[in-house]
Structure formats: structure tokens, C-alpha cells
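The structure appears right after this line, and notes come after that.
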């Protein structure tokens, strides 16, 4: 096979709607171009610098066909590795290389991986409101669209900030009360089950807002409402506590969106301390490690629910679909509808049909970027308020 030489690499940051989105574009001597998602929206320009200043000089002139070798070279070339900036940069290139390989083979990625395990992957979306009535409206809107798995949040991630017992002059931040959050969320589960019964599966994201002892209490109390899963009940640094939760509650646990390093998930999977791994594909380094993670999890009965928030390009979301269609232990896929300008920049973006995401049949990833449209929406950086999370006394806490 003749080599496919990398002739240029671009890294484009665009903000068509609320979020800064990072896309890597790899050009080759065969006039085949690949696209990848490298979005780390809190630090987009750091990722761009990594691609432009370090990965591009390393890769120009090399054969794009050798994805495995190039992935390892990109990962170890800086010596220090497995952080969010380098992983996202590597992932953007890695996805683009897989996109090129699929286009050269005239195959969609899931065929290149080995074919499909299912007809479609069930999707879930987010219903959130500050009031129960508002939450009911959101639930019914999503149910009417065909969703039978709905993530429900009352007061988003922390209850009612207006009801906090605050200090005299609170430091700036996004405040929440853990006890109030637990009480409100358990009341939400009870109300949803009383109103809707088992018409749909309820998912919920704790977003690592609890102390370990509170997480144990919450997992025990919420079990009676049969959630599909409870997400990120603890921050990664406290995951040793998952064994305590596991021994006292049968509630399904999901975690992984903050993981960057294989050491963060290996013991959790081997010891079966979680039911679902939901890593963010670009945060772990792209398609190449995601395929290996999927196979590793299958050996231990752990299922996959890839992270797919709004601050992610439709290219990255399409990669998730290909992984889900192929990997036997894929369970469900998070999805949030794209705003209008995002669809202009990514015109091939895929949406669910009646609660399912179906295989993409175009060669490669099957979703690209309109570069002219993207350049109409330059990067706009702002400090992120929601990641400045504080307890009522002003103490910083994991967001």
C-alpha cells in the first residue's frame, strides 16, 4: 500500500453558540482530509498551541496509515503524558487519522472497526428545571421526541441557591448546599415515579458534589426509585469509596468523564465497582484508546455510556455513535440537541430518531466541518463560573 503522507495540520477553535469547540484538520497527499474533535472548552487555546506548535512539526511528512504507531509517538514524545491538554490534542489528530482511513477504504468507521453489534444505540437527553412543574414540562417534551431514558435534574447540580444560609459577604462562586441537594433530589425521584411510574428510565448526575459519607447515604436512599444509573457520585480522587457504596446499595453507578489516565479506570473495572464507564473520548486520547477501553470493560461486565455534552463537536459525537454501533458492551449514549449555528458549522451533524442514534453510513466519521462558516465564529474565552463551586461557608468544592 502506498503511503498516505500528512502534508498539513490545522487546529481551528470556533464558538458558534455557547461553547468553544476545537477541531483538528489533517491534510494528505491523496487529497483526502480527516477531521477530529479536540474540544477542551475550558482551555481551548492550550489545545490549539499543542497541535500547532508541537504535534504538527512532529507529524508532517509521516504516513497517516500507521495510526497505532503515531498515537504512541504523540503520547510519549513530550515525556509527560495523560493530561487533558495533550490528550485532547492527540485525540483530535487520532480521530482525523481514522477518518482518513475510513475514507480511503470507502467505509464508515464502525465497519472499519469490525461491523455492528446492534441496529441503533438508545439515547438519553437532559431535563432540568428549578421547579417540579418546569421539570415535568421538560420530561414530557423529551418523551414526545421518543426518549425513553431521561436525565433529570432539579435545581441543576445543587438545589436552590436562593435558599442558602450564606456568609456575610460571600466570595464569588457557584454556591450549593449538599444536604439541600440530597433532600430535593430524593423528592424529585419520588415525584417523578409517582407521576410517571415506569414509563421511562430516570438517570441523574450528582456531578461529584457530595462528601463520601453523603454519597453512601444518597446511594442507599435513591435505590428504591430504580434509577438507570447515578453518575459521578464521587470525584475521581475519592473513587476508593465506591467499594463502600457498592457494598451497601445496588444502585447502578456510572463514572469516567473526568478520567485521562488508564490508571484511573483500571481498578474500578477489574474490581467491578461501577456498572458504566462514561469516559470522554477526546479526554482519553481518541478512538485508538477508546476501542481498547471498550474491550477491556467487556471482559468484566462493565458497560459503556460515553460522555457527550454540549461542549463537544458533532464530529466527536459521531465518533461515539460509531463506537456504540460496533462495541458489544455499549449501553446508551448521552445527547443534547445542537443549536442553529452549530449545525451551520457542522452541517452533517447527526440527531436521534425517536430516541435512537442510528449508524452513520458515510465513509470515515461521516461528519465534517464547514471551515468558512467556522471562521465566522471566532473563539471567545471567559472564566467559567460553574466550575467555581462553593459550599455555603465559601469553601471551594469539586464542580
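Note that Cβ sites are derived from N, Cα and C of the backbone, with glycine treated the same way.
It should be emphasised that the depicted structure is a prediction, and the values quoted were computed from it without experimental measurement.
Of the listed candidates (223, 240, 334), Swiss-Prot assigns 334 to the same D-arabinonate site as 207, 257, 278, 307. According to Swiss-Prot, the residue from 140, 172, 231 that belongs to the Mg(2+) site alongside 205, 257 is 231. Taking the centre of the Cβ atoms of 207, 257, 278, 307, 334 as the D-arabinonate site, the nearby residues of that chain (Cβ within 8 Å, site residues left out) are 205, 231, 232, 254, 256, 280, 305, 308, 309. If you compare every pair of Cα atoms in 207, 257, 278, 307, 334, the residues listed for D-arabinonate, the longest distance is 15 angstrom. The two recorded residues, residue 257 (Mg(2+) binding site) and residue 278 (D-arabinonate binding site), show a Cα separation of 6 Å. Each residue in 206, 207, 232, 254, 255, 278, 307 lies on the same chain as 205, 231, 257 and has a C-beta within 8 Å of the C-beta centroid of that Mg(2+) site, without being one of the site residues. Between the CA atoms of residue 207 (D-arabinonate binding site) and residue 231 (Mg(2+) binding site) there is a gap of 7 Å, rounded to the nearest whole number. The Cβ of residue 231 (Mg(2+) binding site) has 151, 203, 204, 205, 206, 207, 254, 255, 278 as same-chain neighbours under 8 Å, each 6 or more residues away in sequence.
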